[in-house]
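Read through the structure below, which is laid out as structure tokens, and then see the notes.
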Amino acid sequence: MGRSSSDARSRDKPSRSFSQDKNDKSFARVPRTSISQHLKPASPPKTNPWTTRRSSTTISPDWPSITPDFASISNPRNKGDTGPPKEEEATKQDLDNSCSAGDQGLHTTPTPEKAHKESALRAGKSLWLRPFGADVFVRVGSRIFEVHRSIIEPQSTFFQQNLPPIECSNVNDPIDMQLESHPEAVANTLRFMYTKTLDLCEYDRQNPRDLIHVPRSVLLYMAAMDLGVEAMKTEILQVLRRTAKDLALYYQAKLLAQTMDQQEVMDGTLHLHNALEAAYASEHREDVLPLRLALCKLLDTMIPFLLQYPANIALFSSSVWKTYAAEISVDLLAARNLKTQAGVSLREEA
């Protein structure tokens with residue numbers, strides 16, 4: 001039985017049945033219904049009435065309208081799956097990953113540099129989920145992300161240029177920034193600066209027939225480009241180059257085994273079409289050039305297999321191909337030349 005104070009208020013501990021992960025809003029659980037629903041505390045003000053809000057800061061909004069967005073970022077669950085919701089699994093995975101490096105340390109003796117890096121990653125993941133001491137509020141649409149200036153400013157040229165000087169800001173008052181962009185894109189970019197991971201860019205390397213991560217990688221590259229996160233751009237380019245290599249091995253093995261599935265190639269063609277549209281529609285041609293070359297390397301890998309199925313001719317007769325065929329051809333030759341130069345360099349070193 002809970003003890004009561006002199007003012008008849010219960011001293012029972014508050015319910016902890018809900019998640020405290022603030023930035024991963026979609027992972028929050030619904031709190032249990034209170035017994036006394038007629039006794040509800042007043043909601044606190046959503047904004048500080050004693051401070052003035054900063055004007056909205058806009059980043060490049062040139063997101064394609066036809067390409068797939070992040071509306072369905074999780075894979076559909078099987079009908080017979082009775083496990084916990086995907087959101088809870090993702091939160092649990094984040095928390096488990098934050099401890100995995102520590103568990104591995106029991107079996108190996110990492111170098112001081114590696115141990116320091118693993119410790120920083122664990123701290124970053126924990127701080128992203130529970131942003132204690134956050135001093136910057138990033139508002140994108142209906143989402144609010146509580147982040148730390150000491151983490152985002154060194155990694156983002158956008159925040160370096162748009163955050164007010166430290167000496168001009170009130171230490172006790174968080175900085176309020178409004179961004180005009182896609183909430184999920186900004187969320188993944190901010191999350192990368194804490195965790196150094198890109199969940200939307202992951203794929204099955206042994207069975208890379210689902211290329212949905214390719215157009216998603218393109219959109220995240222643009223978000224990283226807008227916020228000036230060079231490390232994230234580099235990571236995405238590595239993912240696309242690795243995809244081209246894995247896909248070449250996969251298609252060759254399927255072709256030799258005579259188990260090539262036309263539907264697999266057609267699905268891959270659709271995702272490649274959307275990725276090309278997003279990349280070549282960007283107005284920042286110089287900044288997006290490395291991304292275009294990575295996509296052309298992927299296209300070069302798929303062409304021999306695309307030609308086997310007449311249905312894939314739709315890619316070469318699409319409006320995207322008609323609009324950007326000349327630029328794609330130039331980039332395709334450049335990607336082949338880079339591959340040839342890399343092969344010559346390896347032979348010379350040998």
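From the backbone N, Cα and C atoms, a Cβ is placed for every residue, glycine too.
Unlike curated entries, TrEMBL annotations are predicted automatically.
The compositional bias 'Basic and acidic residues' feature in TrEMBL is assigned to 1-27, 78-95. Residues annotated as compositional bias 'Polar residues' in TrEMBL: 48-60, 96-111. Annotation source TrEMBL lists domain 'BTB' at 134-202. Taken from TrEMBL, the feature region 'Disordered' applies to 1-118.
Counted with DSSP, the domain 'BTB' (134-202) comes out as 32 helix, 15 strand, 22 coil. Here the domain 'BTB' (134-202) has a mean pLDDT of 92 out of 100.
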